[in-house]
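**Q** Pulled these from Swiss-Prot:
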- ASN7, GLU379: Mg(2+) binding site (BINDING)
- LYS14, HIS204, ILE205, GLY206, ASN207, GLY208, ASP279, SER280, ARG281, GLY327, ILE328, GLY329, GLU330, ASN331: ATP binding site (BINDING)
- ARG89: substrate binding site (BINDING)
- ASP146: active site, proton donor/acceptor (ACT_SITE)
- HIS178: site 'Transition state stabilizer' (SITE)
- ARG237: site 'Transition state stabilizer' (SITE)
Amino acid sequence: MKILSVNAGSSSLKFQLLQMPEEFEIASGLVERIGNKNAEFKIKFNGSSKTQSDLVVLDHSVAVDLVIKGLLENKVIASLDEIQGVGHRVVQGGQLFKESVVIDDDVVIKIASLNDLAPLHNPANIIGINAFRKAISNVIHVAVFDTTFHQTMPEENFLYGTPYEWYTKHGVRKYGFHGTSHQYVSELAHARLGKDHSRIIVAHIGNGASITAVRDGKSIDTSMGLTPLEGFPTGTRSGNVDPAIFQLMQQKEGYSLEKTLNELNKNSGYLGISGVSHDSRDIIAAAEGGNKRAQLALDIQAKRIVDYIASYYVLLGGLDALVFTAGIGENAKEVRKLICDRLGVLGIKLDDNKNNSRGDKEISSDASNVKIWVIPTNEEVMIARDVLRLQNK
């Protein structure tokens, strides 16, 4: 059966059409710059790709129409009847959703009630859900939450040292994100280890990034928190800072709470430290060219990532595998080396020659006590698996 996996962002819409249960990609694509008159639509199928530029795509419903039209006009499908399920990535499930769910009107209302916890993401996810439910109305639609995989964290790992009533009244706690990716990659790593019990750390490093400790297939701690801002510096996010920074910036610069939060979310990390770019490729190139602030941005991130890995090593009582995934984790050998070279005291040792090659591979040296792998993530497959599972229930 054909299942469509959808990831709706605030200004983008990613999709992948999969043949299930074979997990074969039939087509994939992306609509970028939604809300503008210069949007772009890309679709890949049968080994070829097509791009349409300078499109007027004022909202997500137009983007959905583009996707459906692209699938039909390129004869990827003969009719919409071939699509037998749609899976939707939803960033924040809060404490309302402990697992993936079949979407109905009540589920949409509950997802919307969590918008305060993910104001940049959940509203866009809902727009995508509503647009696809209207366009393809006669099939199962499933919400798959970034937070679900982390529901196995114990209280001591997900609660903050804030007044307990904040948690009971407002749900103030660590939720974690990228759960779909962490689950997919850790399941593969567990299978490769061939052990009943495993201790795995997954480093999902992209423009957004997080680290997760996984014991026997279950998340027991993760670096992102109430929102994706917690953790280590990424493309534009600061990661952990002293909350008193909000008062300081109000006193020194007259910044409102919203202004400082925006600076921490959109003008920090690689971009804020280097002054060059949010893109790791630009940062690495600038650092290699002698830009000290670009190198500093890489060093600060690597140091904070190592802090998490070392902490989770202790939490897990040792480590069987360290896995790198996502855009930077899979492709930036320089970032992997910066991290692994700081972990030698834990018996984690990189093979530089293996690290210089691309693709799904082991990059640990023969002397390493821990397996180091690069495993490409595939969140769309995980989403499609849940659609198939719930349809067969």
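From the backbone N, Cα and C atoms, a Cβ is placed for every residue, glycine too.
Mind running through what each feature is packed against?
**A** Long-range Cβ neighbours of GLU379 (Mg(2+) binding site) (same chain, at least 6 residues apart, Cβ-Cβ under 8 Å): SER5, ASN7, ARG89, THR180, SER181, TYR184.
In the three-state DSSP assignment, the secondary structure recorded for ILE328 (ATP binding site) is helix.
ARG89 (substrate binding site): 23 other CB atoms within 10 A of its CB, across all protein chains. When secondary structure is read from DSSP and collapsed to three states, ARG89 (substrate binding site) falls in the strand class.
Note: ASP146 (active site, proton donor/acceptor) has non-local neighbours ARG89, VAL90, VAL91, GLN92, GLY93, GLY176, PHE177, HIS178, GLY179, THR180, i.e. same-chain residues 6+ apart with C-beta under 8 A of its own C-beta.
Of all the Cβ atoms in the protein chains shown, 30 others lie within 10 Å of the Cβ of HIS178 (site 'Transition state stabilizer').
Summarising the environment of ARG237 (site 'Transition state stabilizer'), the number of other Cβ atoms within 10 Å of its Cβ, over all protein chains shown, is 26.
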**Q** Among the binding-site residues ASN7, ASN207, which residue has the largest number of other Cβ atoms within 10 Å of its own Cβ?
**A** ASN7
**Q** Check the binding-site residues ASP279, GLU330 for other C-beta atoms within 10 angstroms of each C-beta and report the one with the most.
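**A** Top count of Cβ atoms within 10 Å goes to GLU330.
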**Q** Around ILE328 (ATP binding site), how many other CB atoms lie within 10 A of its CB?
**A** 26
**Q** Around the C-beta of LYS14 (ATP binding site), how many further C-beta atoms are within 10 angstroms, looking at every protein chain?
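**A** Its Cβ shell of radius 10 Å holds 20 other Cβ atoms.
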**Q** Rounded to a whole angstrom, what is the largest C-alpha distance between any two of the residues LYS14, HIS204, ILE205, GLY206, ASN207, GLY208, ASP279, SER280, ARG281, GLY327, ILE328, GLY329, GLU330, ASN331 that the record assigns to ATP?
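**A** Pairwise Cα check on LYS14, HIS204, ILE205, GLY206, ASN207, GLY208, ASP279, SER280, ARG281, GLY327, ILE328, GLY329, GLU330, ASN331 gives a maximum of 22 Å.
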**Q** Whole-number Å distance between the CA of ILE328 (ATP binding site) and the CA of ARG237 (site 'Transition state stabilizer')?
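**A** Cα of ILE328 (ATP binding site) to Cα of ARG237 (site 'Transition state stabilizer') measures 15 Å after rounding.
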